[in-house]
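Database features, via TrEMBL:
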- 41-63: transmembrane segment (TRANSMEM)
- 44-490: domain 'Major facilitator superfamily (MFS) profile' (DOMAIN)
- 83-105: transmembrane segment (TRANSMEM)
- 117-138: transmembrane segment (TRANSMEM)
- 172-190: transmembrane segment (TRANSMEM)
- 202-221: transmembrane segment (TRANSMEM)
- 291-309: transmembrane segment (TRANSMEM)
- 347-369: transmembrane segment (TRANSMEM)
- 396-423: transmembrane segment (TRANSMEM)
- 435-456: transmembrane segment (TRANSMEM)
- 468-486: transmembrane segment (TRANSMEM)
Amino acid sequence: MERGDREPLVRKASSSYRTFPGSTARRLDKEYLRSLHNKRLYLAVFAAVLGNFTFGFALVYPSPVIPALEAHPSPALRLDQHTAPWFGSVFTLGAAAGGLSTMLLNDCLGRKLSIMFSALPSALGYALLAGAQGLWMLLLGRVLTGYAGGVTSASIPVYISEISHPGVRGMLGACPQLMAVLGSLVLYALGKYLRLVLDWRWLAVAGEVPVLAMLLLLCFMPNSPRFLLSQGKEEEALGSLCWLRGKDTDYAREYEQIKDSVRKQSRRVSCAELKDPFLYKPILIAGGMRFLQQLSGVTCILVYLQPIFKKTSVILKPQYDAALVGLVRLSSVAIAAVSMDKAGRKILLFVSAAVMLVSNLTMGLYIHFVPASHNGTAANTTLGSSANLPAEPTNYITLIPLLATMFFIMGYAMGWGPITWLLMSEILPLKARGVASGLCVVVSWLTAFTLTQFFLPAVDAFGLEVPFLFFAVISAGNILFTGCCVPETKGRSLEQIEAFFRTGRRSFLR
């Protein structure tokens with residue numbers, strides 16, 4: 001949109017904005033939402049979440065590659081029991097570093113450019129993995145793809161939240177998790193195929209495709225109107241909102257609401273302001289949700305899924321583990337995406353935490369009380385050596401751990417998986433959104449790394465049931481945290497959510 005075309009739009013927006021009584025404003029908001037055209041919005045979201053597809057692809061990359069590298073003929077590339085865990089876990093350290101850097105990138109470059117920036121370390125990381133000649137190249141490639149994943153984890157939810165409107169923000173907010181799961185499924189499928197006909201290096205080559213597609217598509221997408229206004233670029237912000245909502249829609253009132261909110265938060269956050277509940281409450285809630293999400297055990301269960309299944313001798317062949325988990329996660333996130341704007345965020349969080357609580361409690365009690373002769377395990381067998389255990393079950397009672405694990409993954413994927421990312425981008429105030437979202441990602445991935453590193457020693461020292469009982473306690477804490485701390489944001493604009501934290505008046509969220 002040219003400058004000459006934008007100036008009438010600015011005058012139109014300024015002259016059209018009015019302050020209405022509450023009931024009239026709600027009626028106008030509903031009419032406005034019904035009039036919007038979402039095709040371009042969906043296109044912009046799709047372009048962004050290709051970064052999450054790449055993240056999901058990279059996260060589970062070791063699953064089909066580690067077996068191939070453990071049997072690699074070259075000693076320089078061969079993984080053993082000490083190097084294989086690092087090949088998987090350094091990804092989380094890279095992701096934490098990516099989240100840390102996004103605290104600056106989100107506010108300096110903007111949300112869209114931060115996502116585009118992630119393509120550089122991602123492409124370089126895949127190139128190192130594809131052409132690796134030594135262990136250091138493999139590990140560096142994993143760190144770089146993890147770094148890119150940390151950047152996208154902090155930037156994409158914020159970008160989607162800021163370009164979306166309340167009518168579809170819940171559904172679109174679940175798309176990052178949906179695409180990450182889809183990326184994992186594609187990796188599993190390609191891993192099985194390429195292992196049969198091609199070298200493992202081609203998996204890394206395949207990972208370059210969504211990276212380049214994301215970079216290309218985002219070149220044509222607008223930046224967040226809220227970010228542009230925070231940079232004083234009013235005409236560009238109005239043009240961005242016009243592109244996202246449609247030229248023939250009455251977007252002027254939304255523009256003025258956004259502009260008014262940005263004007264109130266024009267200054268940078270100071271240390272003194274961190275004492276203001278308007279700032280520290282949403283930051284603590286978002287960070288607490290990311291911390292509790294990882295403490296519930298999802299990363300440990302996904303990383304050590306096959307050894308756990310073998311340890312309990314479930315009725316499932318190992319090669320189907322990942323596919324089944326991926327399909328359960330994908331369907332559950334899809335359910336969350338459809339129901340989030342109808343049922344609300346809090347009810348899904350309650351249901352999700354309750355399902356995880358029952359699943360973890362069932363798993364822990366089963367391992368503790370069912371004799372080893374029934375579940376096919378030996379008392380002195382460690383989880384790390386479970387590859388030598390028989391894959392076939394000795395009793396149909398081993399359906400219990402299989403179903404418990406499936407229900408845990410389903411519960412996580414329909415609530416505490418996607419909604420924690422969505423709420424992070426919804427409740428954080430605009431003036432601290434870039435920094436705070438990066439901080440939340442750092443908390444998330446450092447917790448995941450620490451928990452994953454201590455999981456195996458805890459199993460060796462106390463038994464497999466202890467971690468699951470710990471995860472059950474955390475899931476119970478998730479229920480209490482949701483009831484006491486998490487606000488319901490369904491159908492509310494980002495400006496209304498900020499007004500709630502600024503004033504403490506729940507009327508803004510009704």
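Numbers here mean position along the shown chain, with the first residue as 1.
A Cβ is built for glycine as well, from the same backbone N, Cα and C atoms used for every other residue.
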Seminar exercise, completed: Tertiary contacts of the transmembrane segment (117-138), defined by C-beta under 8 angstroms and 6+ residue spacing from its ends, are 51, 54, 58, 61, 69, 76-77, 79, 83, 87, 98, 105, 109, 144-149, 151-152, 155, 201-202, 204-205, 207-208, 211-212, 214-215
Problem set entry | Touch test for the transmembrane segment (291-309) and the transmembrane segment (172-190), at least 3 Cβ pairs under 8 Å | no
For this session: May I ask for the residues of the chain that lie six or more residues beyond the transmembrane segment (347-369) and have a Cβ under 8 Å from a Cβ within it?
Result: 296-297, 312, 336, 339-340, 375, 400-401, 404-405, 407-408, 410-412, 414-417, 419, 463-466, 468-469, 471-472, 475-476, 478-479, 482-483, 486
Exercise. Based on Cβ pairs under 8 Å, which of the stretches 41-63, 83-105, 202-221, 435-456 lies most in contact with the transmembrane segment (172-190)?
Worked result: 41-63
